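According to TrEMBL, the protein has these features:
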- THR31, GLY32, THR33, THR34, ASP87, GLY88, ALA89, ASP90, LYS100, GLY101, GLY102, GLY103, LYS127: substrate binding site (BINDING)
- GLU109: active site, proton acceptor (ACT_SITE)
Amino acid sequence: MQSKKEIEKYVASKYVVDNLIFDDLIVGVGTGTTVNIFIELLSEKVNTDDLSIVCVPSSIETKLLLTQKGLTVSDIIENSEVDIYVDGADIVTENYDLIKGGGGAMTMEKILASSAHEFIVIIDSEKYPKELLSHPVPVEIIPLAVNTVIKPLFELGGELKLRYGTGKIGPIISDNGNVLGDVVFREEYNPKNMEKAINNIPGIIENGLFPEKADKIVIGIDNSVNYIETERIRKNK
Ligand code: 5RP
(Lines of atoms letter the chains of each structure in order from A and count residues from 1; the text may use other names and numbers.)
(Lines give C-alpha, C1' and ligand atoms only; values in the text may rest on other atoms or scores of the structure.)
Protein backbone atom coordinates (compact mmCIF):
# COMPACT_ATOMS: atom_id res chain seq x y z
CA MET A 1 0.00 0.00 0.00
CA GLN A 2 1.22 3.51 -0.84
CA SER A 3 2.00 5.88 2.03
CA LYS A 4 0.13 9.19 2.44
CA LYS A 5 3.30 10.98 1.26
CA GLU A 6 3.55 8.88 -1.91
CA ILE A 7 -0.14 9.45 -2.70
CA GLU A 8 0.30 13.21 -2.23
CA LYS A 9 3.37 13.33 -4.48
CA TYR A 10 1.37 11.42 -7.07
CA VAL A 11 -1.71 13.65 -6.99
CA ALA A 12 0.41 16.84 -7.18
CA SER A 13 2.36 15.43 -10.16
CA LYS A 14 -0.81 14.23 -11.85
CA TYR A 15 -2.42 17.64 -11.47
CA VAL A 16 0.49 19.26 -13.33
CA VAL A 17 0.53 16.63 -16.08
CA ASP A 18 -3.26 16.83 -16.58
CA ASN A 19 -3.64 20.61 -16.40
CA LEU A 20 -0.37 22.34 -17.24
CA ILE A 21 1.30 20.19 -19.91
CA PHE A 22 0.49 20.96 -23.56
CA ASP A 23 1.85 20.01 -26.96
CA ASP A 24 5.13 21.59 -28.14
CA LEU A 25 6.29 22.67 -24.67
CA ILE A 26 9.93 22.77 -23.63
CA VAL A 27 9.80 21.44 -20.06
CA GLY A 28 12.61 21.91 -17.53
CA VAL A 29 12.61 18.88 -15.24
CA GLY A 30 13.87 19.03 -11.64
CA THR A 31 15.36 16.32 -9.47
CA GLY A 32 14.05 14.11 -6.67
CA THR A 33 11.52 11.48 -5.70
CA THR A 34 8.52 13.72 -6.44
CA VAL A 35 9.86 14.63 -9.87
CA ASN A 36 10.45 10.95 -10.60
CA ILE A 37 6.71 10.39 -10.27
CA PHE A 38 6.08 13.42 -12.50
CA ILE A 39 8.42 11.95 -15.15
CA GLU A 40 6.55 8.64 -15.07
CA LEU A 41 3.20 10.39 -15.61
CA LEU A 42 4.65 12.76 -18.21
CA SER A 43 5.94 9.87 -20.31
CA GLU A 44 2.51 8.19 -20.17
CA LYS A 45 0.82 11.40 -21.33
CA VAL A 46 3.37 12.05 -24.12
CA ASN A 47 2.82 8.50 -25.44
CA THR A 48 -0.97 8.45 -25.10
CA ASP A 49 -1.57 11.90 -26.57
CA ASP A 50 1.37 11.74 -29.02
CA LEU A 51 2.80 15.05 -27.77
CA SER A 52 5.98 16.79 -28.94
CA ILE A 53 7.64 17.68 -25.64
CA VAL A 54 11.32 18.45 -25.16
CA CYS A 55 12.71 17.93 -21.64
CA VAL A 56 15.67 19.83 -20.18
CA PRO A 57 16.97 17.95 -17.10
CA SER A 58 18.45 19.51 -13.96
CA SER A 59 20.71 16.56 -13.10
CA ILE A 60 22.36 13.42 -14.43
CA GLU A 61 19.85 11.28 -12.50
CA THR A 62 16.89 13.05 -14.11
CA LYS A 63 18.52 12.81 -17.55
CA LEU A 64 18.91 9.05 -17.09
CA LEU A 65 15.29 8.59 -16.06
CA LEU A 66 13.95 10.78 -18.88
CA THR A 67 16.01 8.80 -21.36
CA GLN A 68 14.86 5.46 -19.91
CA LYS A 69 11.26 6.61 -20.30
CA GLY A 70 11.84 7.44 -23.97
CA LEU A 71 11.31 11.19 -23.57
CA THR A 72 13.14 13.66 -25.81
CA VAL A 73 16.02 15.22 -23.87
CA SER A 74 17.90 18.41 -24.63
CA ASP A 75 20.07 20.73 -22.53
CA ILE A 76 20.23 24.31 -21.37
CA ILE A 77 22.75 25.24 -24.09
CA GLU A 78 20.35 24.26 -26.86
CA ASN A 79 17.34 25.60 -24.95
CA SER A 80 18.40 28.60 -22.91
CA GLU A 81 14.73 29.32 -22.16
CA VAL A 82 12.19 26.72 -21.10
CA ASP A 83 8.41 27.18 -21.16
CA ILE A 84 7.87 25.65 -17.75
CA TYR A 85 10.13 24.24 -15.07
CA VAL A 86 8.68 21.55 -12.79
CA ASP A 87 10.48 20.61 -9.59
CA GLY A 88 10.00 19.57 -5.98
CA ALA A 89 11.26 21.38 -2.89
CA ASP A 90 12.50 20.45 0.57
CA ILE A 91 10.32 23.02 2.32
CA VAL A 92 7.98 25.89 1.38
CA THR A 93 7.33 28.75 3.82
CA GLU A 94 4.01 30.50 4.28
CA ASN A 95 5.40 33.31 2.07
CA TYR A 96 6.13 30.72 -0.65
CA ASP A 97 9.89 30.92 -0.29
CA LEU A 98 11.57 27.58 -0.95
CA ILE A 99 14.60 25.69 0.26
CA LYS A 100 15.85 23.20 -2.31
CA GLY A 101 18.96 21.10 -2.86
CA GLY A 102 18.21 17.99 -0.82
CA GLY A 103 19.38 16.10 -3.91
CA GLY A 104 22.37 18.41 -4.35
CA ALA A 105 21.20 19.67 -7.74
CA MET A 106 20.26 23.24 -6.73
CA THR A 107 22.74 24.99 -9.03
CA MET A 108 21.24 23.62 -12.24
CA GLU A 109 17.79 23.78 -10.64
CA LYS A 110 18.17 27.51 -10.04
CA ILE A 111 19.49 28.09 -13.55
CA LEU A 112 16.46 26.29 -14.99
CA ALA A 113 14.01 28.02 -12.64
CA SER A 114 15.40 31.40 -13.68
CA SER A 115 15.28 30.56 -17.39
CA ALA A 116 11.67 29.33 -17.19
CA HIS A 117 8.61 31.34 -18.13
CA GLU A 118 6.88 29.56 -15.27
CA PHE A 119 8.32 27.70 -12.28
CA ILE A 120 5.90 25.07 -10.96
CA VAL A 121 6.60 23.38 -7.62
CA ILE A 122 5.12 20.01 -6.64
CA ILE A 123 5.18 18.91 -3.00
CA ASP A 124 3.42 16.78 -0.43
CA SER A 125 1.56 18.36 2.47
CA GLU A 126 4.34 17.71 5.02
CA LYS A 127 6.53 20.36 3.34
CA TYR A 128 4.14 23.32 3.64
CA PRO A 129 4.00 25.60 5.55
CA LYS A 130 7.43 25.31 7.20
CA GLU A 131 9.76 27.76 8.92
CA LEU A 132 13.02 28.58 7.13
CA LEU A 133 14.94 27.53 10.25
CA SER A 134 13.44 24.04 10.06
CA HIS A 135 15.81 23.15 7.20
CA PRO A 136 19.52 23.84 6.53
CA VAL A 137 20.50 25.71 3.37
CA PRO A 138 22.39 23.50 0.88
CA VAL A 139 25.50 25.04 -0.67
CA GLU A 140 27.76 24.03 -3.56
CA ILE A 141 31.41 24.93 -2.96
CA ILE A 142 34.50 24.86 -5.17
CA PRO A 143 36.60 22.02 -3.64
CA LEU A 144 39.65 24.14 -2.77
CA ALA A 145 37.45 26.70 -0.98
CA VAL A 146 35.86 24.31 1.57
CA ASN A 147 37.81 25.83 4.46
CA THR A 148 37.80 29.48 3.38
CA VAL A 149 33.98 29.65 3.23
CA ILE A 150 33.50 28.50 6.87
CA LYS A 151 34.27 31.87 8.51
CA PRO A 152 32.19 34.08 6.20
CA LEU A 153 29.25 31.67 6.56
CA PHE A 154 29.69 31.81 10.34
CA GLU A 155 29.63 35.62 10.18
CA LEU A 156 26.26 35.34 8.42
CA GLY A 157 25.02 33.20 11.33
CA GLY A 158 25.46 29.79 9.71
CA GLU A 159 27.38 26.65 10.55
CA LEU A 160 28.67 24.67 7.57
CA LYS A 161 28.38 20.89 7.63
CA LEU A 162 29.84 19.09 4.65
CA ARG A 163 27.47 16.50 3.21
CA TYR A 164 28.55 12.87 3.55
CA GLY A 165 26.83 9.85 2.00
CA THR A 166 27.54 6.20 1.40
CA GLY A 167 29.57 4.53 -1.34
CA LYS A 168 32.31 7.15 -1.31
CA ILE A 169 34.83 8.34 1.26
CA GLY A 170 34.78 12.11 1.76
CA PRO A 171 32.13 14.75 1.09
CA ILE A 172 29.59 14.22 -1.67
CA ILE A 173 30.56 15.75 -5.03
CA SER A 174 27.90 17.45 -7.18
CA ASP A 175 27.16 16.80 -10.87
CA ASN A 176 29.34 19.88 -11.51
CA GLY A 177 32.36 18.44 -9.66
CA ASN A 178 32.03 20.60 -6.54
CA VAL A 179 31.61 19.84 -2.83
CA LEU A 180 28.13 19.84 -1.29
CA GLY A 181 27.41 21.11 2.20
CA ASP A 182 24.49 22.28 4.34
CA VAL A 183 24.43 25.48 6.37
CA VAL A 184 22.51 25.38 9.64
CA PHE A 185 21.07 28.72 10.80
CA ARG A 186 19.74 29.23 14.32
CA GLU A 187 18.45 32.81 14.09
CA GLU A 188 15.76 34.27 11.83
CA TYR A 189 17.01 35.68 8.53
CA ASN A 190 15.66 37.39 5.45
CA PRO A 191 15.77 34.79 2.64
CA LYS A 192 16.29 37.30 -0.20
CA ASN A 193 19.21 39.02 1.53
CA MET A 194 20.68 35.72 2.70
CA GLU A 195 20.51 34.16 -0.76
CA LYS A 196 22.63 37.02 -2.11
CA ALA A 197 24.98 37.18 0.88
CA ILE A 198 25.83 33.47 0.68
CA ASN A 199 26.45 33.64 -3.07
CA ASN A 200 28.71 36.64 -2.48
CA ILE A 201 31.21 34.48 -0.58
CA PRO A 202 34.12 33.62 -2.92
CA GLY A 203 34.14 29.87 -3.57
CA ILE A 204 30.41 29.35 -3.14
CA ILE A 205 28.78 28.59 -6.47
CA GLU A 206 25.12 28.53 -5.44
CA ASN A 207 22.80 27.91 -2.52
CA GLY A 208 19.40 26.30 -2.03
CA LEU A 209 17.39 29.41 -1.06
CA PHE A 210 14.73 30.14 -3.70
CA PRO A 211 12.90 33.21 -2.35
CA GLU A 212 9.88 34.41 -4.34
CA LYS A 213 10.86 32.24 -7.30
CA ALA A 214 7.93 29.82 -7.59
CA ASP A 215 5.01 30.92 -9.82
CA LYS A 216 2.72 28.00 -9.05
CA ILE A 217 2.77 25.57 -6.14
CA VAL A 218 0.81 22.33 -6.23
CA ILE A 219 0.47 20.69 -2.83
CA GLY A 220 -0.87 17.17 -2.59
CA ILE A 221 -3.21 16.89 0.39
CA ASP A 222 -4.47 13.33 0.81
CA ASN A 223 -6.24 12.63 -2.50
CA SER A 224 -6.66 16.23 -3.64
CA VAL A 225 -4.49 19.28 -4.32
CA ASN A 226 -4.12 22.83 -3.12
CA TYR A 227 -3.18 24.83 -6.24
CA ILE A 228 -1.55 28.19 -5.46
CA GLU A 229 -0.68 30.90 -7.98
CA THR A 230 1.88 32.78 -5.92
CA GLU A 231 2.16 35.80 -8.23
CA ARG A 232 -1.52 36.59 -7.86
CA ILE A 233 -1.37 36.20 -4.08
CA ARG A 234 1.75 38.41 -3.79
CA LYS A 235 0.09 41.13 -5.91
CA ASN A 236 -3.02 41.14 -3.72
CA LYS A 237 -1.04 41.40 -0.48
C1 5RP B 1 16.94 18.27 -5.33
C2 5RP B 1 15.79 19.05 -4.78
C3 5RP B 1 14.50 18.33 -4.60
O4 5RP B 1 13.51 18.99 -5.32
C5 5RP B 1 14.15 18.32 -3.13
O6 5RP B 1 15.23 17.77 -2.40
C7 5RP B 1 12.88 17.51 -2.90
O8 5RP B 1 13.11 16.16 -3.20
P9 5RP B 1 12.00 15.05 -2.99
O10 5RP B 1 10.96 15.27 -4.05
O11 5RP B 1 12.74 13.76 -3.17
O12 5RP B 1 11.44 15.20 -1.61
O13 5RP B 1 15.87 20.22 -4.50
O14 5RP B 1 18.12 19.02 -5.36
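Glycine too: its Cβ is placed from the backbone N, Cα and C atoms.
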Maximal Cα-Cα distance (Å) across residues annotated as binding substrate, namely THR31, GLY32, THR33, THR34, ASP87, GLY88, ALA89, ASP90, LYS100, GLY101, GLY102, GLY103, LYS127: 16
Binding-site residues: LYS100, LYS127 - member with fewest neighbouring CB atoms within 10 Å: LYS127
Residues among the binding-site residues ASP87, LYS100, LYS127 that border ligand 1 - Cβ under 6 angstroms, in sequence order: ASP87, LYS100
Lowest local Cβ density (other Cβ within 10 Å) among binding-site residues: THR33, ASP87, ALA89, GLY102: THR33
DSSP-derived structure type at ASP87 (substrate binding site), helix or strand or else coil: strand
Distance, the residue listed as 'active site, proton acceptor' to GLY102 (substrate binding site) (CA atoms, angstrom): 11
Listed recorded positions (THR31, GLU109), ranked by Cβ neighbours within 10 Å, top entry: GLU109
The residue listed as 'active site, proton acceptor' versus THR33 (substrate binding site) - Cα distance in angstrom: 15
THR31, GLY32, THR33, THR34, ASP87, GLY88, ALA89, ASP90, LYS100, GLY101, GLY102, GLY103, LYS127 excluded, remaining Cβ within 8 Å of their centroid (substrate): GLY30, VAL35
Spatial separation of GLU109 (active site, proton acceptor) from ALA89 (substrate binding site) - C-alpha basis, Å: 10
Of ASP87, LYS100, LYS127, i.e. the binding-site residues, those within 10 Å of GLU109 (active site, proton acceptor) when Cα atoms are compared: ASP87, LYS100
Per DSSP, three-state class assigned to THR33 (substrate binding site): helix
